[in-house]
Amino acid sequence: MNPAPNLVMVGPMGAGKSCIGRRLAERFGLEFVDVDQAIVEQVGSSIPAIFEQHGEARFRQHEAETLQALLEQDNKLISTGGGAVLDPRNRERICARGFVVYLHVSVPAQLTRLARDRNRPLLQRADREQVLHAMAAHRTPLYHQVADLSLETDHLSPAEATAQLVLRLAAQWRMSSNPA
């Protein structure tokens with residue numbers, strides 16, 4: 001089984017962290033928690049409302065506090081927000097308390113997947129493609145920094161991505177529990 005207390009999903013918005021994460025949690029008997037959804041429940045406001053009323057910095061503070069509290073527990077599959085890796089403390093905590101899966105998605109695939117999504121405050125502008133490219137340039141190295149395992153999701157359905165991850169995670173965890 002998982003050598004870390006939790007399984008943590010990282011990656012950009014639209015990569016499939018929540019959808020695939022729910023499936024993996026069910027498959028491995030873990031409790032699924034979406035950090036953004038946990039923030040919404042705790043604060044009582046939507047993510048766009050938090051950004052509008054309090055700004056991104058306050059949202060990132062909520063994100064760090066929520067992530068820390070979740071990582072102090074065990075047997076969770078934690079789906080992080082795309083920007084969670086921006087905070088060095090989050091990266092440190094994620095690595096210390098989780099086996100980290102990085103779901104990668106290209107900007108063209110993100111644009112397709114997020115075309116009708118109005119719940120992404122950082123994308124509520126005309127230059128969505130440029131914003132996504134800038135985010136990818138800044139965040140991709142951070143995702144790689146924390147990842148124990150990576151999967152490209154551009155051409156995979158959630159079911160296909162889940163099936164691949166189940167096989168790869170099981171193999172990885174077997175190797176971790178049986179050192180040579």
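Backbone N, Cα and C define each Cβ position, glycine as well.
Record features, source Swiss-Prot:
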- GLY14, ALA15, GLY16, LYS17, SER18, CYS19, ARG120: ATP binding site (BINDING)
- SER18: Mg(2+) binding site (BINDING)
- ASP36, ARG60, GLY82, ARG139: substrate binding site (BINDING)
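Comment: substrate site residues ASP36, ARG60, GLY82, ARG139; largest CA to CA distance 18 Å, whole number.
Taking a C-beta cut-off of under 8 Å and a sequence gap of six or more, SER18 (ATP binding site) has these contacts in its own chain: MET9, ASP34, SER79. Compute the center of the Cβ atoms of ASP36, ARG60, GLY82, ARG139, which mark the site for substrate; besides them, the chain residues with Cβ within 8 Å of that center are MET13, GLU63, THR80, GLY81, GLY83, ALA84, VAL85, LEU86.
For ALA15 (ATP binding site), the nearest of the binding-site residues by C-alpha distance turns out to be GLY82; the candidates were ASP36, GLY82, ARG139. By a simple count of nearby Cβ atoms, those within 10 Å, the most crowded of the binding-site residues ALA15, CYS19 is ALA15. Cα of GLY16 (ATP binding site) to Cα of ASP36 (substrate binding site): a span of 14 Å.
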